[in-house]
């Protein structure tokens, strides 16, 4: 038997540790823990892995010893969902059925779920039986198996119910670790780190130094078949730290078993971590949650002034080494976290029921140092402090008046630039170097982590993290066998690109990959790569040209050396990268900087100076400009290298002193600094009126009185470009009445390609304070405001993930009159992670954390496109940009600009002639210039059409991408490329392409996609004809598209108001198959669902259709219907056809759905968690339906999984959709119980069971129920019903009672209204009846209005103007018209309300707009109305609403006309009774309306006047005449109008339109319009 280590807990040697323990365990059972019945409880995963071996040993030893004990087994499903009341009851019932008694011994074999559950069963079964823990996961070994805690989960929280019941034995068998996956292994490491960091400083230091080695081996175990030998490499080290962790926990539990004080320390990271785990379950593992929790609780300690900031950084570094998430932005974590709404408040709510809490005080373990806590128990912490740490954004309240003008002293964190250079130089050296004041930040972490993975050096921390000890390996680097992720660290990316050329080739995988964040993948690195490739290095771009990710193939030769030419006008880091690498080249390097004056020369000088400190002297040529000679050699490091403070960071506290009139000393940056930015005080602050005193190592400044900063005028900041943001903020309040107060900062063009486009960002964010600023070709101008007039920012400051922007605007926030919200506060982690703590503790700035959802203003300004932001159109020549751009300008009421046209205005010739005279390159530069101008000067209320080749220029692409990132809209107008080619081949007016058109398209299409936020797909039309006459259905679809993407579409809010709503599910491989049925099958529907996963191109049945094919079908459908569309990509895991394994492709397809302007996206939960924030930011008006389908079980309160899925969907969706299955009618009752318990009425939900027996759930669902139609060939899901079937069922169930509707008036016997409404009721299956009630007396209506079954009524002559006395209220429209034509009856607050409405005017407007569909405005037109009865009131109101003026009223009765004129009391109405009153009519008469009933003869004088109007010359070619008579289509007036070429709209058409509005008021749905229209008007209408 192997060596067994026994540890004591609570005075007993209960913990046994070793390898291959089955024989030992069996022996212990039979000798020390004997029982007649042993019960093994495990899960189905563990059962097959370990139970056979244990059973073999147990039976063998029992036989040898003649023991007859029973061995029983109970297996449960794996996972957190089994840790429930239900499972506990199942186990207990089974134990009783097996006649188990109090002498039974229960053995838990498994992870934490098994241990917790079985421990609780053991504690309560027979009032407590003995049990044994055999943990099979690292997490369970170091945490849950030790100490006796046990529990189950409830719907109210994790581990909500449980006891403390100590196991008889805990057997820790390291053999189990060998079978764990990498993720399972690392999940347990978090708990191990937690235990060690609170108790043992030396053990933590040892662990962090060896973590990379162990983690690397663990990762490699999954890549090799020889897993056992790999495991043996690390088992010795692992045993040490596992045993240390167990010892610590056992010691603490022995002192405080019941968790009164000391044991609460073991909850470090758990107060916040458990809450995170509960909110995000099941997608986040326990260890991952605890990892985040530890970091947040350590940050809380730092924020409260208890903990050295370096400790936080060391903890983060250690956790990250293992691949554990350390922030809500962590790449390994944000797939789940992004998009969670109310995340922080949810976490705080869960924390409020933490078992450690004392009354309402939240208790958290606070670290005071590594190995030491602030108290020997958890400490009370306020919600505000927790919220500040957890929140993504921070609200700054400014510096209190009593803190102004106080002196502060700041010791800066180490310089990022020097830290990263020192790290490289020390790693490449041949000795040991102590780096002091090393910066702990995101940027240096990425560098340090990458160098560790390259095995470039050995690293360890000393002096509580203040000193980093580096043992270099003389330039030897290994291939890490994994990609190196560098975040958004441009410094790291550029330096490592050269360093990685020194990596030794590896026989297994001879390449390595450098990658980074999305922004990093847009930042240029081309000049550096070009120089290295020209020197023989093998480097490839994996995505965009000139950007990360890079694939680097190491060579034996490494860097060749010799003459290297490098363009350094973009970044000095290119130069530093090659300089530092050059001593290890094969031949001596001569580095020549070409292409113009290098940018940021002081940083090149800094690198050279530091290389000298490490033993390599670089010589600058005296004869050749910008040329350097670098000798071969190996760096020799100094024993100690002190890193000075970060000079750029120094500008922020100094600027606070300057802007407030205070004083500040920086203790570790002075005149001797290597950093160019150290000159900021002398060159910027001093001229602005500050007193400046510098020693070699310190800087002191005192600001002038508040509001007295002097303007700089014009200043070139090329030598200190990163500090321009601080200067710009100060310039914004440098207001002097007697002097110019505009500051121009130049020489900073490189700031456009930093973490973001900083110049553009500064302009945008200053505007939020009311400060005018604008871009210059290589800089920015800022117009100052007097500080006393400085408005506060009502919107949050968008930091663009840029630390410099966050810190700069925090300076301005110090003097703001109201709180300022800084969004994405964690971006400062790049250089100064504890900047907010400095503001709070040193400058006394009050602050609190804030979420988007807590501040609607921030929500709208940041997450949504500005409502009037300028829209840019891009796309191939001939795609229709200009035509659609003009249309868009008309729809949205904006000005249209054609970029090509303004260029031609400037060059005074055509583009064709200009290109022939100069070149395409010259034209592209001109085009770029105007694009920059438009982006700067035309930010709102424009539609701008760009030339097809605008995206050929890299800088133009960057500008468009930046505009999109700033929530601008760029639409790619696309037409089938073959249609474009056909058209362009006949167009000789434009400059010819230099390449084949198809080749041009193939080159550009990726750029169009990258540079656009949206795409509108033009269906096949002849471009020439298209220009002349745009099809109405195309106009309509484009209008709906624009309304959706600009947020002017209120569809979602309208659906929410309905008592019942439905969407039609379409299951077709080709949508064109149902176009002819569309009007019929969508009757009563509020939306249409398109199942993209079912699309299939006939000739490509074995693969997914292309996005272009899908777009073509979708946009064809758009032209056939105005209903909103639901874009659904259902995967095989959820019952669909799209392979669940194709997750990356699925995301691409879904994001294109958003790009195409879909109103709704149905996204499955696991994908929704990853895409929510992207969609919410980039396409804020598209609503997400977060869906989960499980067709194997019903929805029930007893199933923890459904509760979790509901909570997840609530976070990720604007709409929740859960679909289970029914095997019995009772399952639907369980579903209703689930809804009653868990439904959050603020988030609408679709919760149904599928299958025939689930139909009841569909009937009972009220919001957006998926439906089918009998005209469709098949149902998309079993049990799906039509709207008619649902309404019929609701009626039978008594939930939809009969109603009667009436037409009141006289004469009405020939009315078509009963036919219209009854046909609508019949089609939709509504149990309603519409009938005539002929009367001219309102007294006869009193009784009928109060019938129980009365639903509503139509009102016609002669009752329209006097029926209101019988009603409870009338609408504003009806009151303004003075006429009621519709009565509704609603139930409100226990009583029925009769309300009068008027839909006549709506019917008139709809009829006019349907005919003249896209006339944006009628304001330049006039019209006439014949008649003066009740209907004429609605006609007048309709024309006034359209903006038509003047309106001529024609009638023989002057009294009636005067009555109407005085009722409306407006000069827009001109009464006409006689012929002579028609003199001098100079208006454009476009619309005429007759309100005279069919059976009333027209007075001859009125007819003569009408003839004059019909014959008046109109500016437009068409006039529209509406004859509201419902009888014959031919009247005297229509005959005259037709003869004068007026278009006629007959009375029945208007009746149908206003009846449709009545139907909507009564039923909440539009009438099946085309079916009713066909039946009433006939097929020709």
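These residue numbers are counts, starting from 1, taken along the chain as shown.
Positions of Cβ are set from backbone N, Cα and C atoms, glycine also.
Swiss-Prot annotates 270, 286 as Zn(2+)-binding residues; of 178, 182, 191, 375, the candidate listed for that same site is 191. Sequence-ordered, the extra residues of this chain that approach the ATP site, with Cβ no more than 8 Å from the Cβ center of 875, 876, 877, 878, 879, 880, 881, 882, are 948, 973, 975, 980.
Taking each of the binding-site residues 270, 877, 881 in turn and counting other Cβ atoms within 10 Å of its Cβ gives the largest count for 881. Ranking the recorded positions 193, 263, 1217 by Cα distance from residue 878 (ATP binding site) puts 1217 first. Cβ proximity to the Zn(2+) site centre (mean Cβ of 191, 270, 286, cutoff 8 Å) flags the following additional same-chain residues: 139, 143, 190, 194, 269, 273, 274, 287, 289, 290, 293. Fewest other C-beta atoms within 10 angstroms, among the recorded positions 827, 879, are seen around 827. There are 27 other CB atoms within 10 A of the CB of residue 880 (ATP binding site), with all protein chains counted. Residue 137 (NAD(+) binding site) counts 27 other C-beta atoms within 10 Å of its own C-beta, drawing on all protein chains shown. Across the residues of the region 'EPSP synthase' (396-845), the predicted structure has a mean pLDDT of 91. Note on proximity: of the binding-site residues 159, 187, 191, the one nearest residue 880 (ATP binding site) is 187, by Cα distance. In the three-state DSSP scheme, residue 193 (7-phospho-2-dehydro-3-deoxy-D-arabino-heptonate binding site) is classed as helix.
Sequence-distant neighbours of residue 876 (ATP binding site) (same chain, six or more apart, CB under 8 Å from its CB) are 948, 974, 975, 977, 980, 1000, 1001, 1004, 1008, listed in sequence order. Look at the Cβ of each of the recorded positions 43, 80, 191, 259 and count the other Cβ atoms within 10 Å; the largest number goes with 191.
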